[in-house]
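Peer 1: One structure follows; several queries about it will come next.
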């Protein structure tokens with residue numbers, strides 16, 4: 001006998017466990033429909049979301065400006081803001097089983113969670129000056145730009161407050177340019193009062209396996225930034241995933257911050273406030289060079305800077321930043337090539353502090369704890385036409401800041417989740433175990449009776 005009735009019972013209930021849970025929980029917990037837990041958490045995060053910034057201060061500005069020395073950087077932070085506290089806007093239920101919305105942007109400074117004030121001054125890269133050679137390649141235009149840079153007394157580095165660097169300031173160089181352009185710029189300018197979207201996602205009403213998956217972004221399935229499949233909008237927004245998450249799954253999610261879809265792989269089990277979760281992390285392979293991971297070939301857009309697509313760890317997103325030479329990486333160039341890391345001094349990549357993770361409740365697919373970490377950099381290139389960049393010896397990626405956007409389910413929501421979801425799943429587990437034990441007892445009783453009857457016949 002290959003399988004005893006007890007084994008068959010065990011396999012049967014293991015196979016149908018997800019179905020039992022689906023019947024038990026789906027109507028209330030998994031579908032994005034008004035009145036469900038999923039909808040309430042989808043409409044506005046069930047916990048406070050904070051975005052912490054560490055801004056890199058240049059410790060040797062004179063050497064950088066006068067002799068093109070390697071920048072010595074020291075991170076200052078965190079400067080903490082509460083974000084994602086406004087409910088989604090322009091919510092529309094569509095007849096094809098999707099729901100569309102806009103995601104409002106707002107950031108509120110949290111002084112008690114910060115090391116200083118928004119008026120702290122940082123010596124940082126001059127965003128406008130450094131971006132000029134990438135935006136304009138005509139020699140005559142570059143000479144004109146050089147004149148305006150000099151007349152505004154601008155240089156490669158500048159002193160700015162935290163608030164100015166993040167949210168915007170009126171740049172003296174751009175103010176001199178006699179063309180119609182906005183002289184205000186900042187790393188995240190404009191932010192407050194703007195919206196991200198339009199997003200259209202599946203509700204799960206018609207197909208539970210598509211719950212929260214993005215059907216389109218800005219009314220398109222692709223981004224127009226990359227070639228091939230790299231340009232597709234894949235997965236969810238990371239706040240939740242279709243229910244019944246498995247350890248061997250690859251969880252795909254789209255981030256407008258980095259202008260691409262990315263993915264997480266299972267790392268370990270975690271328990272947060274009494275709720276068992278699966279931790280998924282963004283792996284090294286997501287930012288690997290195409291030499292190591294062939295699927296990344298369509299994220300390599302510059303053969304020169306990437307050294308023929310052999311460098312890892314940085315992503316050129318200039319195509320979605322109006323041509324500005326913005327590069328995204330993990331904080332402190334985690335998983336980046338050594339040559340990129342050694343173009344500057346003072347960075348110390350550390351997986352525990354700098355990796356991105358999502359802690360997902362596997363039955364519902366809800367993300368109950370996460371930390372999205374990324375670094376914003378600018379490409380600095382030498383220029384013979386712009387004096388402020390004439391001392392630069394070679395092109396290199398210059399870190400500006402890194403951020404950690406994180407949240408964890410609140411105590412009240414956690415209690416509700418334990419009562420309505422985790423407790424029920426555990427109850428089903430107990431029922432399953434009881435049925436397995438009952439099947440085993442019945443099997444043993446059957447076998448005992450069989451042998452007793454057999455022995456009586458032999459007598």
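Cβ coordinates come from backbone N, Cα and C, glycine included.
Where the annotation comes from TrEMBL, it is an automatic prediction and has not been curated.
Not my notes, these are from TrEMBL:
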- 230-298: disulfide bond (DISULFID)
- 259-320: disulfide bond (DISULFID)
- 300-309: disulfide bond (DISULFID)
- 427-453: transmembrane segment (TRANSMEM)
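Map the listed features onto the structure and describe their local environment.
Peer 2: Long-range Cβ proximity for residue 230 (disulfide bond), meaning a same-chain Cβ under 8 A and a gap of 6 or more residues, is found for 260, 296, 298, 299.
Taking Cβ-Cβ distances under 8 Å and a sequence separation of 6 or more, the neighbours of residue 320 (disulfide bond) in its chain are 223, 225, 259.
With a cut-off of 8 Å between CB atoms and residues at least 6 apart in sequence, the same chain places 289, 290, 306, 309 near residue 300 (disulfide bond), listed in sequence order.
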Peer 1: 259, 298, 309: which of these disulfide-bonded residues has the highest Cβ count within 10 Å of its own Cβ?
Peer 2: 259
